[in-house]
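A short worksheet on the structure shown next.
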Amino acid sequence: MIVLKTARELAYMRDAGRIVAETLQEMEKAVKPGVTTAELDAKAEDYIRQQGAKPSFKGYQGFPATICSSINEQVVHGIPGLRKLENGDIISIDVGASVNDYHGDAAITVPVGEIDAELQRLLDVTRQSLHVGIEQARIGNRLFDISHAIQEYVEDNRFSVVRQFVGHGIGKKMHEEPQVPNYGPAGRGPRLQAGMTLAIEPMVNAGTWEVETKEDQWTVVTKDMKPSAHFEHTIAITDDGPEILTRTRGA
Amino acid sequence: MAVGQVTPGQLVLSRNGRDQNRYFLVLKILDPDYLLIADGRYRKVDTPKKKKVKHLQLTELVVAEIGEMLQQGKTPTNTQVDSAIRQLLETVEVGL
């Protein structure tokens, strides 16, 4: 069942989304060579709690932290720890927070120091594919119009989209229906309606789309160990088009 | 945080029904609750079993070649499915 949100629910989600976006802004400032992912995690948790919100991931199906930190060939769901960021790495940071039990969820991938041009292209294409997808999140379109637009953009740029992990509906639960794949045929899936809220999150690999989960049961890596990037926004479908909920005030 | 999803070519273990404890490959995802599965022996590829996801245990293993074929709209043969499952079960410790 896809839950359509009321104006009041959307207001909570806008609050949660803003806090998530601000947390990511803090993360972007904090990422530099020598910093550990556990330090980033602590900073994110402090920020979210200071705002009176709750970290959505901590304890979710046993996930131990506030952020997912995924470096280089790690695709998503990396667990923060003592690994230090190095010059030339890329790190994906995924954060969720809730206000009055309504969740916001977003992710960015940022360079650590100087990265090579092809890695930068991977980040740019992934970020742009998210926006190409969001552009399709309009009343009357179908869900897979979003999926198809992302896949087409990514593959035209000679990268691949992860199949095994997908975006999702979001609201009072962090994961609601529908699933939002980043691939698929246009013109299929449920029709989009005002009040739907979706977390759209392309995971884009430099090499093969295939991924596997490590022994910790969380960290997902590319099968060919080539780098992967991840960008995500929580959006609402409104009469005026897609509204990005996970953004900072004034952005 | 992304949602894990079933993918064509993925190895699954039946947990409920008369095919309990048999391994199958996913041929098609019908919707978030139902899959079409076959093992090339007990269930042939042209008469796959429609199965509820919650009656299956998913593994992390995906047969890449068969996954690719299915994505391209081709159907693997019974022999291909059967031998892929056997090969997977022989060569790896299936982590459930």
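For all residues, glycine too, the Cβ spot is worked out from N, Cα and C.
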Can you pick which of A:E232, A:E243 TrEMBL lists for the same divalent metal cation 1 site as A:D94, A:D105? A:E232
Record-annotated divalent metal cation 2 site (TrEMBL): member among A:E135, A:E201, A:E210, A:E212 besides A:D105, A:H168, A:E232: A:E201
Binding-site residues clustered about A:D94 (divalent metal cation 1 binding site) [Cα within 10 Å; pool: A:H77, A:H168, A:H175]: A:H77
May I ask which residues of the same chain, at least 6 positions away in sequence, place their Cβ under 8 angstroms from the Cβ of A:E232 (divalent metal cation 1 binding site)? A:D94, A:D105, A:A106, A:A107, A:L130, A:G167, A:A199, A:I200, A:E201, A:P202, A:T246
Taking all protein chains shown into account, the Cβ-based neighbour count within 10 Å for A:D94 (divalent metal cation 1 binding site) is 26
Restricting to the same chain and to sequence separations of six or more, state which residues have a Cβ under 8 Å from that of A:H175 (substrate binding site). A:H168, A:G169
